[in-house]
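What Swiss-Prot records for 2-199 is domain 'DPCK'. Positions annotated as ATP binding site by Swiss-Prot: SER10, SER11, GLY12, LYS13, SER14, SER15.
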Amino acid sequence: MKIAVTGGYSSGKSSVSAVLTTLLDCFFISADIACKNELQVGATGWQQLKELWGPDYFSEDGEVDREAVREKIFLDPASKKELEAILHPLAHRQIVDAGLRADVCDKHLVAEIPLLFESDQSYDFDMVIVVSVAEDIAISRAMRRDDVRASLATSIIASQLPLAIKEARADFIINNDGLFAATYSQILFFVADRIEKKK
């Protein structure tokens, strides 16, 4: 089974994905990690971004200035679209390849894709999990985890599809508002109800 894990900003997608990978015989891929890899010096995404934006967003040794890029894309919607137009197709290729490897090896695929519904890329998943969290909790967690200002966290959330729309498109919703023990119980139920029953 090919499973996508998505949700809002700082909702706990990585935590849910990590648990799933311990419970399932699966391959795992993260769209965020795939995109970060594409911004490593010399990678295809890095080359395309440097050609598009020039040297101002790169350090002297060629590294992408991630903080400067983050500020730019969330203050300038056009820049965000430019970056996504570079990275999303490259990440998509990696995710599709991971799915093919999973098929060959008769394993599940767990793919963490934060912008699954916002992306123009087409995917073929058997199950889409949306990790849901209240906006005030997401902002608080983002400020602790990413050391960002509340205003930036709010703008990131506003730049994505409303959570209600994501939930409406989900095959399964995991609420992560409270203690992670409650979240873990929901993941166990998902595995038992949506995967084990289908064997």
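Glycine is treated like the rest: Cβ placed from N, Cα and C.
Summarising the environment of SER10 (ATP binding site), the number of other Cβ atoms within 10 Å of its Cβ, over all protein chains shown, is 26. Local packing around the Cβ, expressed as the count of other Cβ atoms within 10 angstroms, is greatest for SER11 among the binding-site residues SER11, GLY12, SER14. Neighbour list (SER15 (ATP binding site), Cβ cut-off 8 Å, at least 6 residues apart, same chain): ASN176, PHE180, THR183. Look at SER14 (ATP binding site): DSSP puts it in a helix.
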